[in-house]
Amino acid sequence: MKKYSLIIHGGAGNITNLSDEKRQSYLDGLKECLGEGQKMLSLGRKSLDVVERCVNIMEDNKIFNAGRGSVINAEGEIEMDASIMDGSNLMSGSVIGLKHYKNPVSVARAVMERTEHVMLAGEGAEEFANKSGFKYFKNNFFKTEARIRQAEEAKKRKKTVLDIDDLNKNKKMGTVGAVAYDLKGDIAAATSTGGIANKLKGRVGDSPIIGAGIYASNKLAGVSATGFGEQFIRCVVSFYAAMQISDICQAPGACRIAMDYLRESVKGLGGIIMIDRLGNIGCGATCKNLIHGYIGSSAELFTSLTPSS
Ligand code: ASP
C-alpha cells in the first residue's frame, strides 16, 4: 500500500499554440497546489482537507476556469458549480450556479457538513453561503479580461466553448479537481468549475453531479472529471470509472476503460483523474490535453499538459 498520494487537474481539451509563458503558468499553478497538498498529507492531514485546499488554490488562481477566472455564460454572468466527496463514508456536498462566492468547493463542503442535503442550487445556495459566513463578492470580481474576450468570441460564433478549446489566442483553462489518499487510507475528491463558455443561464454541467463529475469511495476509488459536462452526465463517468476497480484492475486500467466508454458511447471529450483503493494513481483523456499533476510513489512531483498514464 502507498503511504499517501495526490493527483490534481486543471482541465482537458485540445490546446493549440500555447505560448511557453502560458504553459509555464499552468505548470506553476499545479506545482503550487501539489507542494501544499504534499505538505498537508505528510503531516497526516486528512484527504478531505487536502482536496479542498488544493481546489481553493486553483479557484483563486485566475488562469483556471473555477472561482475567479471562471468562464462567462450567455447572459454575461459567471455561474459556478462545485462538489466534494468523502470516500470514507460517501458523504458529499455540491453547489450549483453560485455567483458571488469565491471558493465554491468550500461552500459545497459546508453543504455536506452543515445540512442534511447533498446539493443546493441557485438562490438557495447563495443564501446558504451568506448565512454560513462566506464573504460576498460582486459578480464582476470573477470576470477577467481574457474571459470577457472569450465570451464575445463564443457569442459571435454562436456556440458554447469547452474552456480548454479556446477560440482565440488567449488560451484559458480549465475546470479544476483533486483526489487525495491520506495516511489512514481515506480517499476524497473535489471538483470546481465555471462550466463552459457561453452556456445558457441555469445550465448545470457534470462537476456538481455526484457520479458524473466526481465520485469517492474507499472501497473503489476517488475520481474528478473535466470535459463536456453533458456527455459526462449521460455516461455517469466518474462512478463508471470507479466501478471498474477490482483485484485485477487498478486506477490506470479503470481510467482507460472509462475513457473508451465515453468515446465509444457519446464521442465524449474530456478526461479524468483517479486514485484507487490501494492509493494507485491514474488518469486518462479522450482528447489531446489533460492539465494535471501528481505526487507519485517516490514522493516526487510530476506535472504535465498531456495524459500520462
Ligand atoms: N465539465 C465542465 C462542465 O461541463 C467543464 C470543464 O470541465 O471544462 O461544466
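Heads up, the Cβ atoms here are built off N, Cα and C, so glycines get one too.
What TrEMBL says about this protein:
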type	residues	note
ACT_SITE	T175	active site, nucleophile
BINDING	R203, V204, G205, D206, T226, G227, F228, G229	substrate binding site
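Of the recorded residues, V204 (substrate binding site) and T175 (active site, nucleophile) place their C-alpha atoms 14 Å from one another.
Within 10 Å of the C-beta of G205 (substrate binding site) there are 26 other C-beta atoms, taking all protein chains into account.
Around the Cβ of F228 (substrate binding site), the number of neighbouring Cβ atoms within 10 Å comes to 24.
Rounded to a whole number, the distance between the Cα atoms of T175 (active site, nucleophile) and G229 (substrate binding site) is 11 Å. Counting only same-chain residues six or more apart in sequence, the Cβ atoms lying under 8 angstroms from the Cβ of T226 (substrate binding site) belong to H9, G11, A12, G174, T175, V176, G177, T191, T193, S207, G213, G270, G271, I272, L290.
Filtering T175, R203, V204, G205, T226, G229 by Cβ distance to ligand 1 (under 6 A) retains the following recorded positions: T175, G205, T226, G229.
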